[in-house]
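Contents: one structure, followed by commentary.
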Amino acid sequence: MLRGRSLSVTSLGGLPAWEAERLPVEDLLLFEVSWEVTNKVGGICTVIQSKAKTTANEWGENYFLIGPYFEHNVKTQVEPCEPANDAVRKAVDAMNKHGCQVHFGRWLIEGSPYVVLFDISSSVWNLDRWKGDFWEACGVGIPHDDREANDMLIFGSLTAWFLKEVTDHADGKHVIAQFHEWQAGTGLILSRARKLPIATIFTTHATLLGRYLCAANIDFYNQLDKFNIDKEAGERQIYHRYCMERASVHCAHVFTTVSEITAIEADHMLKRKPDVVTPNGLNVKKFSAVHEFQNLHATYKARIQDFVRGHFYGHLDFDLEKTLFLFIAGRYEFSNKGADIFLESLSRLNFLLRMHKSNVTVVVFFIMPAKTNNFNVETLKGQAVRKQLWDTVHCMKEKFGKKLYDGLLRGEIPDMNSILDRDDLTIMKRAIFSTQRHSLPPVTTHNMIDDSTDPILSTIRRIGLFNNRTDRVKVILHPEFLSSTSPLLPMDYEEFVRGCHLGVFPSYYEPWGYTPAECTVMGIPSVTTNLSGFGCFMQEHVADPTAYGIYIVDRRFRSPDDSCNQLTQFLYGFCKQSRRQRIIQRNRTERLSDLLDWRYLGRYYQHARHLTLSRAFPDKFHLEPTSPPTTDGFKYPRPSSVPPSPSGSQTSSPQSSDVENEGDEDERYDEEEEAERDRLNIKSPFSLNHIPKGKKKLHGEYKN
């Protein structure tokens, strides 16, 4: 029986030590297989890329990623090199000799993990034979007209072939292979059918059928136990893909999902309860100075304010210092991403702010890529007018400053009328004239191709948010991903997020949700739901998420209208906060980032690997069926200082204020003291062998 050394897994201040039996990684090889290795398609690439550094630090030269070869990606992301591992080198050479093009190198990301990349196009001639092998292995046929499924079969067949070559030359080393999503699942199915001596893990980040059903506006979560799965998959012509996914799940030694809500979904859709929930993390970079992220917020907020000045020229009758910037970002899935409920709540928020005569203005950005043909002319003109006005003012400032300087040298206080001559007044009048506008500021920065049928624009027309002067809520649709080279809003996504006040992501279908997690790590409050993995994670392990800047909308047990009202109240409460309260809240939000660090959450992947070894090689590896660290009944406590919103304070004014309250509540707040208390209060969020609530642990769970 192989036994490793005891390892204390805690590299973060305040997080509890986790005494785990360390795997003998020097005697193991770890492979992670995904279609998104060096090939960004969606969020799985973010998972693998962000986790690579932590995993590479743990496994060293025995960690490899397997993915597809695309020349345009490899040229900029991969540094070719020769495999140092003897078994991997022999496997690559053997496959190349048989006509397969296998590329090896280091992925140029943090951790620099090794990558093995298969050129799918070089092996297309094997497709018919491999289809026959796959049919014999699991009885699933793949249509000729499904190009994606055919590519996945080639990729999986090459993966199984490669793993066979590796195990033939492994010299006693045990192999772990983790497969992400159904695209990589064919390799798992074929490996198990051929009885390769490898320990397998299958991870689903979202079920295939779940995405299709939610996109069709079906009451998904309340109907989970009522769906005829085979019928639903057949009607959508994805039955063969569903069978590939389900076979992968049932062939794996260990099945994992990224969140508890996805675990419940997978139990119904794929008919197997996940063995381990492995939450997604991020690489958290701490600043040396405590307030540095607050300074970055001020810097990038000023750049967003510059854009707003140009976009709303001629209608800039609101105070930018009392303006809040909200945003929603992600794929253009109108219902799944919650853009529908967000727009409706903005209409209600606009009514509340106007009714209470609030002097707070809310500018909302929709960063969702859609089909466009060019920039909006009015938007470009606005930025040009702003820049021209800025240059004019700078010229006048230099002239004004020289006259003031000369007057003070003479010991005189200059007469303002003598400082500004007729030419200056003419220039100022021309500048004012150039800012006149006879149309409303546009609600979109680009010309939309499907303007009349676009869901966001159609909803804006229905609710009447046209950026009128009387509207306290202004809307801007930016149908492109952000870029620092853009002539309109020259900012990267991270810079833009840091400059905003609140991210709003009221998703209906979100297996994890990286966008609110990224906000948390950057110290920006966010809105999420109890149907997202991130929302469930925070709701379960933080006593008062709102106090820490995590607003969780109930979209599972409330009607759509009630959920919309709840979101509206969250937004209205946020608008009522003073500047000091927002600063305090951002400090608390940033402190939650430790919970999302891969150095902390990576332990659940470690447990999954240990579990699969104990099931695949029970005579060599054993996992003690003892309860890992758990926090039953514990939650990250509510802060004891000033409340995050005025609901419990002395004033009930809906207006934001720059004047700080001097009451006892404010005096009780000591940032360093509270930060230290928070660090000591962070606990392990859930049991390593986590089983979804309401599900009993299967007998012999730790046995093969």
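Count begins at 1; order follows the chain as displayed.
Each Cβ is built from the backbone N, Cα and C atoms, and glycine gets one as well.
The phosphoserine annotation in Swiss-Prot covers Ser8 (among others) and rests on a large-scale study or a structure entry.
Marked as phosphoserine by Swiss-Prot: Ser11 (among others).
Arg331 (UDP binding site) falls outside any helix or strand according to DSSP and counts as coil. All protein chains considered, the CB of Arg331 (UDP binding site) has 10 other CB atoms within 10 Å. Feature annotation from Swiss-Prot assigns UDP binding site to Lys40, Arg331, Thr515; the stated evidence is similarity to another entry.
The UDP-alpha-D-glucose binding site annotation in Swiss-Prot covers His205, Arg211, Arg331, Glu510, Trp512, Gly513. Within its own chain, Gly513 (UDP-alpha-D-glucose binding site) has Phe505, Ser507, Thr528, Ser532, Gly533, Phe534, Gly535 as residues 6 or more apart in sequence whose C-beta sits under 8 angstroms from its own.
The alpha-D-glucose 6-phosphate binding site annotation in Swiss-Prot covers His291, Glu292, Gln294, His297, Lys301, His501, Arg582, Arg586. In sequence order, Phe293, Gln294, His297, Gly523, Ile524, Pro525, Gly549 are the residues near Arg586 (alpha-D-glucose 6-phosphate binding site), counting only same-chain partners six or more apart with C-beta under 8 A.
Among the features that Swiss-Prot reports, region 'Disordered' is placed at 620-704.
What Swiss-Prot records for Ser627 (among others) is phosphoserine.
Positions annotated as phosphoserine by Swiss-Prot: Ser641 (among others).
Marked as phosphoserine by Swiss-Prot: Ser645 (among others).
The feature compositional bias 'Low complexity' is assigned by Swiss-Prot to 647-657.
Feature annotation from Swiss-Prot assigns phosphoserine to Ser649 (among others).
Annotation source Swiss-Prot lists phosphoserine at Ser653 (among others).
Here Swiss-Prot flags Ser657 (among others) as phosphoserine.
The compositional bias 'Acidic residues' annotation in Swiss-Prot covers 659-675.
Sequence annotations record features per position, and here Swiss-Prot assigns phosphoserine to Ser684 (among others).
The most densely surrounded of the binding-site residues His291, His297 is His297 (count of other Cβ atoms within 10 A of its Cβ). Maximum intra-site Cα distance, UDP-alpha-D-glucose binding residues His205, Arg211, Arg331, Glu510, Trp512, Gly513: 16 Å. Most buried of the binding-site residues His205, Lys301, judged by other Cβ atoms within 10 Å, is His205. Summarising the environment of Gln294 (alpha-D-glucose 6-phosphate binding site), the number of other Cβ atoms within 10 Å of its Cβ, over all protein chains shown, is 17. Distance between Cα atoms for Arg331 (UDP binding site) and His205 (UDP-alpha-D-glucose binding site): 16 Å, as a whole number. For the pair Arg582 (alpha-D-glucose 6-phosphate binding site) and Thr515 (UDP binding site), the Cα-Cα distance reads 20 Å.
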